[in-house]
Amino acid sequence: AGEGSGPVPGDGAGPPAPERVLFPPTFSVSEIKNKQRRHFMFVRWKQQQRKEKLALKKKRRKEREALGDKAPPKAVPKTIENQRVYDETTVDPNDEEVAFDEATDEFAPYFNRQTVPKILITTSDRPRGRTVRFCEQLATVIPNSHVYYRRGLALKRIIPQCIARDFTDLIVINEDRKIPNGLVLSHLPDGPTAHFRMSSVRLRKEIKRKGKEPTEHVPEVILNNFTTRLGHSIGRMFAALFPHDPQFVGRQVATFHNQRDYIFFRFHRYIFKSEKKVGIQELGPRFTLKLRSLQKGTFDSKFGEYEWIHKRREMDTSRRKFHL
């Protein structure tokens, strides 16, 4: 045999060489150097995972059908929402203190139908086309709202003029790089004032399968998951923008849905297809808000007294801690 040749199996020179393992148990797809081959193997692995998950789901369903009424209750999946850290300011609907605060706060005249909302919508200086169109579409959602442009006028000068003209709320849409990125909502004449970060703005023409233009009917308002005292105040601020006599014949509904302290706004039209089925069409616009601060009184960035300010480094220590 030449130099470097090993023993030949069966010649008595030594035990036979073990077969080479191509894919050891610790093998990972990321170890494949070829990009196309790595992607192909990853896709096959994901398909296999889905098949196994679907097979397990079918097996459990058959077991539940076989057991009938004796089947154990379905397990509730763990989510960030149902594992939320308890907040001591969570509102109890039957709390007498909360009921007294609602009867005496700044929004009580609107819920008692003593005052009709009148809204002024304005922008930052020299707004661009996208912000202008967003304000015009927002004015079709909120009844009795009027759009005016700043033209360099300071907010501290706008607020007294709004009060003199019987406006009940002031909405300011701010923009950055031609994109709406902020919303200031000030309740007149005595506040409070909330400052939101705005994102994910979609105008009507950017929404797929949208319905026809909204009508002038007063919409219904839905407020979801505003559970704490702070969230309760924010929800009442939004509710005070709309008259409290919705016209159900219009079948239009404005929704403020709070999830993980992000407030998602949607505007829909609905129709009852049967006793169990409802069809909806989104009318737009849509946007997402994140509360940055709540200030007592009207807008005053220098001497204002703040009820709540979002301090990211101190407050965002846990993903399961929410404030609204």
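Any Cβ shown, glycine's included, is placed from N, Cα and C.
A TrEMBL annotation is a machine prediction, not a hand-curated record.
Given the ranges 1-22, 111-132, the record in TrEMBL names 1-22 as region 'Disordered'. Range 49-75 is the one annotated as region 'Disordered', of 49-75, 76-102 (source: TrEMBL). Residue counts of the compositional bias 'Basic and acidic residues' (63-72) by helix, strand and coil are 8 helix, 0 strand, 2 coil (DSSP-based). Confidence in the domain 'Brix' (117-300), given as mean pLDDT, stands at 91.
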